[in-house]
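Residues or ranges marked as region 'Disordered' by TrEMBL: 1-29, 882-930. Sequence annotations record features per position, and here TrEMBL assigns domain 'Amino acid permease/ SLC12A' to 102-244, 355-638. The transmembrane segment feature in TrEMBL is assigned to 140-161, 194-213, 220-243, 359-379, 399-425, 445-463, 499-517, 523-545, 557-581. What TrEMBL records for 652-770, 775-909, 925-1065 is domain 'SLC12A transporter C-terminal'. Per TrEMBL, the feature compositional bias 'Basic and acidic residues' maps to 885-902. If you look up TrEMBL, you'll see 915-925 marked as compositional bias 'Polar residues'.
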């Protein structure tokens, strides 16, 4: 819709998209002759009668011009569109190689980002949590910190499980408590043993950590020495294979790998004393030891061969191990270049001594299993509170550790692939070599170096996790952002996190009870990756915002590197396990929302606040470009709220109505004006602002509070209307309460301020909503039952009347109310056609409402209306005379006061004589002179109070300083005024015909509205504009009072001079 009907069509005759209707002809003949709508006649040129407006809505078309314009715009852009290249899956193998080469660089990128954050100030206890929370805010910090805590805890359980697996598999196999009787129960027995021994190991490690971190540090040196010796032993063994590879045979049947737990010789038969006998291997595939026994067909058709498991560095086996061989659960581990003759029932292979895959293997699974090996980069930052200089130690230690481990990992993978046979590399538990540790056999001088080194490596990693995780939880608890975790912030006198350690041990026990390393690894990988992701995000945000406090000592960072690291983290999360990634994100999201709603509010100067400021600035600059389109228009409210002498909110229901109307959408500014100067009213202003914010919080009103101190209320309200908001984010609608006690008020300035506010909103092209009986409006806790919201559409001023009920019905308070629209028809209007046009208009507006056309005939003006208008004008005239008389009298009072001040200063005149003269005069004055004397007394009292510090006078005593001449002058002036009033006989007045017609409109319209809508939950009515001649302001208030008489909840609505609703999509 547009402001004026004459602007609806464009120059070429095509209707504009924001027009309320399609086919339209300019019609400037909006003149109106009659008495029924005289109250609205001054604005007929801009706000036409509804009957005139609806007469233009007769012809509709189903094809909107807006849609046609959009189609033409799409056609214009057609040649510019480019073909999108589709990713070809044939390149997937190269993508796999790319990702496996980027896992270590991803941790290096994260370490660079972490180094930048860690050197941008002191990093106390909390490590990664502290860095993220201070960079991205408490919500992100708490969510990611708790996820990282869970990841570190589960990592501890994984390291403990690794320790027990090495213990039971390679060191003390006979220590197993559970032993499987059947082959298919072996895995369950192993897991049960790991649960029992893992729980015992967890208890021992927890006691060590509880005793003190200094013992963990001492043990860490021992564990580190064992690990270094193990690594050196591996490199020494690889070099030794060049000239002396170890004898490490693998028995093959055809191209299938055999488990050699139950046989010693890789032969079907052997000759002993010239006698051919069968071997133990024969008995595994045949039903007897005789040469004529029935054997497995595949065993019969294929030969047994023996491969060298570790052929050596220069054997060339690396060319075979370059390519992946993934397979499902139960797939046989085969060597593709050996001859094989198929035969037998494949379903029986599971009962044969073949080496098979114990799990389904694929690329993403292996990434998830491999990634925990590079998750130790946060170990130093987690113990930042124990470091002497965290800013120096964290960057150097972390980057050097990643560099060292990356070199070791890459060289180890390449060297293992170059020295070890592929089938042996895929034999997870070493079944083809009697369960021996392959790397131990490769190393030099003894396999026990690797076994002991791996055992202590896992023990050390587990202790580090049990040391870092409780400190991380303690830092989160002490910040108070998660209320129910505050108990874990306490600990021993030296700060050791006792309660956090107990919780960590309990969660770690859950991971141990899962017992499967392959099931635990993806869980902790997700939590670690989320932490790394947000570390990179924090560095990128701080770098891009360029906040003055961002001054890291570590200079080798860039926001592009941080974004690359963040993207790699996100990619690896979904590559490893997309469902675990989703679960981790849901957990982090739930923690985020919990901290947002229940956590303590913290202001840490985080980057999200800075990002919000930048986003707000950008959005405000965009809003400045053009006003909002009709489709996007919604009421952006400036609520004019009054407070009492104690700065308490007078009408809290006005705030409730704001919430119901806005539902948290758009802009809401609650304004208030205090009279005085800011220097004297500063404390009252702060108190009023706090009370208003408390009322907004109680009513869940999302918005801003703006308290203005001004020399007078009129200017303060004017300043709010002009200057509230910022840039393009300004209010377009003013909401205020009806001045209910304007008749009883002795000060006419109250209702004059109200009328001036109406004029200013009109001049500012802002809509105005005036709520009558606002204290009877429903609260947010009320639920109105079946009822109606009645809209009385008298004149068309933008469509706001129809939009407001729709917005109200979105709120649960008004949801059950139905909408009814009433419009007024005159004598020469076709009521039936008006109803059809209005129903069609509402259909295109997608509004559900009942329509009723009320006919108002041009009846003769009743004697009641004539008399009511006469009484109104007489009252107005009397008020004017009283006001004139009071003004003249106060002029005289001021001159008398000045004379009194000079008299007091002189002090040499006889005050007793003047006072006696005053007393003598007051006995002879009439009632009106007594009133004048009282005014003089009051004024003199105020004058004496202001100069009390300068004049030595009694505060209770007032000295009257009238002279006899001044008294006679005052008496003659009052007599002249009385004579003038006597001459003007108010009872002989004749009412103004314009006022009579307007009163007739108010009376007749009120009768119709009360008859139809007295039982409605809310009545919305067009608000007539104030008179152009300010002399009729008192009459205007009387007209509105008559118009609203007998109605409970009323919302007077004035449009802002633009269309706010449209039929277009």
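Each residue, glycine too, has its Cβ placed from N, Cα and C.
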Tertiary contacts of the transmembrane segment (140-161), as residues 6+ beyond its ends and Cβ separation under 8 Å: 126, 128-130, 132-134, 194, 198, 201-202, 205, 372, 375, 378, 382, 458-459, 461-462, 465-466, 468-469, 472-473, 475-476, 479, 481-482, 504, 507-512, 514-515, 517, 520-521, 523-528, 530-531, 534, 584, 587-589, 591-592, 595, 599, 608
Most Cβ pairs under 8 Å with the transmembrane segment (557-581), selected from 194-213, 359-379, 399-425, 523-545: 523-545
Helix, strand and coil residues within the domain 'SLC12A transporter C-terminal' (652-770) as assigned by DSSP: 58 helix, 26 strand, 35 coil
Tertiary contacts of the transmembrane segment (359-379), as residues 6+ beyond its ends and Cβ separation under 8 Å: 96, 99-100, 103-104, 107, 110-111, 114, 127-128, 148, 151-152, 155, 158, 324, 326-329, 398, 401-402, 405-406, 409, 461, 464, 468, 517-518, 521-522, 524-525, 528-529, 531, 572, 575-577, 580
Non-local residues, at least 6 beyond the ends, that sit with Cβ under 8 Å of the transmembrane segment (445-463): 155-156, 159-160, 162-163, 166-167, 170-171, 201, 205, 208-209, 216, 219-220, 222-224, 226-227, 229-231, 233-234, 236, 376, 436-437, 439
